[in-house]
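Trainee: Provided herewith is a single structure, encoded as C-alpha cells, for subsequent inquiry.
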Amino acid sequence: MRCLAFLVVTLLLFTATATTGASNGMNAAASGEAPDSISLAVRDDCCPDPACRQNHPELCSTR
C-alpha cells in the first residue's frame, strides 16, 4: 500500500512540474516575447512587399 501511495504522489508531482513548464512556455509566447529570429523572418518577408511595408512602417525603418 505504501508503494502505491508513493507512486501516486510521484506521478502527481511529475504532472504538476510538466504542466507548469508548458504553461510558462505558452505565456512567454503569448506575451509577445518572440525570438529575434522570428522577428527577422517577419521583417525580411514584409519589407520587400510595398503593401506590407506601407502597413507596417515600424518593421521597415530606413537606416
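Note that Cβ sites are derived from N, Cα and C of the backbone, with glycine treated the same way.
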Trainee: What is the disulfide partner of C60 among C46, C47, as given in Swiss-Prot?
Mentor: C47
Trainee: For C46, which disulfide partner does Swiss-Prot record out of C3, C52?
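Mentor: The record-listed partner cysteine is C52.
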Trainee: Looking at Cβ-Cβ distances, which residues of the chain lie under 8 angstroms from C47 (disulfide bond) while being 6 or more apart from it?
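Mentor: Listed in sequence order, they are R53, L59, C60.
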Trainee: Would you count the other C-beta atoms found within 10 angstroms of the C-beta of C60 (disulfide bond) for me?
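Mentor: C60 (disulfide bond): 15 neighbouring Cβ atoms within 10 Å.
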Trainee: On the three-state reduction of DSSP, what should I expect for C60 (disulfide bond)?
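Mentor: Reduced to three states, the DSSP call for C60 (disulfide bond) is coil.
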Trainee: 10 Å Cβ neighbour count around C52 (disulfide bond)?
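Mentor: A count of 15.
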Trainee: Once the chains shown are all counted, how many other Cβ atoms turn up within 10 Å of the Cβ of C46 (disulfide bond)?
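Mentor: Here the count is 15.
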